[in-house]
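Here is what TrEMBL records for this protein:
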- B:104: active site, schiff-base intermediate with DXP (ACT_SITE)
- B:165, B:191, B:192, B:213, B:214: 1-deoxy-D-xylulose 5-phosphate binding site (BINDING)
- B:12-256: domain 'Thiazole synthase ThiG' (DOMAIN)
């Protein structure tokens, strides 16, 4: 049943963000159409699905950290509602995350961050090597130390997209497979267009969202068994960062490179480095089957925080994009913030520092539907 | 006829820079942070690994856009190369992609220390000089190798103070002094800087400039450390030219007794 006074909503992009926005808007009585020729084919198809506000906390990113913590807190309710609506589970696991350090150098680096995270009051407990291995006996015996972040959980992004599609459809959302080249092609009179097109948002809006390539591997425990570890393992192995995410179905996700590139090539060097770091931390996975090596493009913004809210000069266009490496964990809060904005017309204070136009002063005005291209720049 | 550059200016490869601090982008957490760090450091030359960026991609808001907006000169480097042939190939790609003949030449010989391979480095430098590049080689603090690189036509030599990313400072100040005297070309301390005093020491030892990345980008507060490095390089340069006092074993009162009133 459609509520009076609510806008018609067009969502561009059927990744987790676009689908969750559509679902939340539809359940509040809005008429919602989602455009995407290939739902879930962007970054979420590759993403590991770590819900890790603590492990993703880095120096000098207080706004982002606050948003991660707030969204992570919404995940249990989000998962429960999805399950209620669809009967599907999305691989949500709450055993926590262990961050580990292979060498003394790695430990020194990690300890700086743990101290900072503890100063912010985030739940992270340093552990001695013996304590680490009591939690996960398969960890390499030579590890110099680690820390447990019990509140850093995980979800399977591919299952999440599948469940969100069903939930959205059941809430009355229409999904259209037409590609969107320009926002004016899909905009409804007196409606609102939500741009949740990940890296594609740059071409549609001119906003500064750039691809940041990540290569990710998927392994499988032998003989249909579950992986021999239950917690997400993140760590530093001789200066290399790596994570291992164990799924209940036997899959282990190993990632990820961070490359300022826009191609999707899988390179030998990246696979080598990821596997070397991963087996340094958890030797057993050398026996696992290597089932997939893929690259995805994270939608990066200048300050690593997402762009959420209306465009200043076109309030009928609302952006929900640029989630960089945090798209999965930020899905519930992004959907809530956008749905609240569209249903009440009032912007949550959380949206202030996330305004899509916040970089406009430095970058100068944009021509709509045209992204900047570095090839035109000259170097002195 | 051009006027000679002011004392504080730094001539490199036929170009004059006001700043003697060169920044690397490795370890920077975001383009916004890179912009703040560049502005705080006052750097006019920024080095970028060709392998880390895809210069043909549309990169709205990315690193290259930041460098262009800051008006700094881009210095491509061959980080990650392990043979002369590989480094020469990457240098040519960089010249094409960024339209600059300048190249920071890195040829790594050991994976754990990331120290340069002297033989491959010299070979690559000779080939790139012959191809018309302005070659800035990352080398060790070996004065003899530095002279060979300068003789090969490199525009500067860039000795490591300590291994890349180690933050250990300047391991062998005496070698750095010897190296400074063994070549006429500019000497740029490259790698090993951990904090501001390391950068000041490099300048006091006679280096013409300092290149650093991790010390700033991986600091808890990169902007504050970039500011510190700007001051450190300036302070070290001033001190180097100011003529320090001799080191004494015993004290020498700074206020002499002669001429004081007897009360």
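Heads up, the Cβ atoms here are built off N, Cα and C, so glycines get one too.
Features as recorded by TrEMBL, highlighted on the structure.
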residue : record                                         : Cβ contacts under 8 Å, 6 or more apart
B:104   : active site, schiff-base intermediate with DXP : B:47, B:75, B:76, B:77, B:78, B:136, B:137, B:138, B:158
B:165   : 1-deoxy-D-xylulose 5-phosphate binding site    : B:26, B:27, B:114, B:191, B:214
B:192   : 1-deoxy-D-xylulose 5-phosphate binding site    : B:160, B:161, B:162, B:163, B:164, B:166, B:167, B:168, B:169, B:170, B:171, B:198
B:213   : 1-deoxy-D-xylulose 5-phosphate binding site    : B:23, B:24, B:25, B:26, B:27, B:28, B:47
**Complete:** Same-chain shell around 1-deoxy-D-xylulose 5-phosphate excluding B:165, B:191, B:192, B:213, B:214, C-beta within 8 angstroms of the CB centroid, reads B:24, B:26, B:163, B:164, B:166, B:167, B:193, B:212, B:215
**Prompt:** Can you check what DSSP calls residue B:192 (1-deoxy-D-xylulose 5-phosphate binding site), collapsed to helix, strand or coil?
**Reply:** coil
**Prompt:** Can you tell me the three-state DSSP label for residue B:214 (1-deoxy-D-xylulose 5-phosphate binding site)?
**Reply:** helix
**Request:** Measure the Cβ-based neighbour count of residue B:214 (1-deoxy-D-xylulose 5-phosphate binding site), defined as the other Cβ atoms within 10 Å of its Cβ.
**Result:** 19
**Request:** Would you count the other C-beta atoms found within 10 angstroms of the C-beta of residue B:191 (1-deoxy-D-xylulose 5-phosphate binding site) for me?
**Result:** 27
**Asked** So what pLDDT does the domain 'Thiazole synthase ThiG' (B:12-256) average out to?
**Response** 93
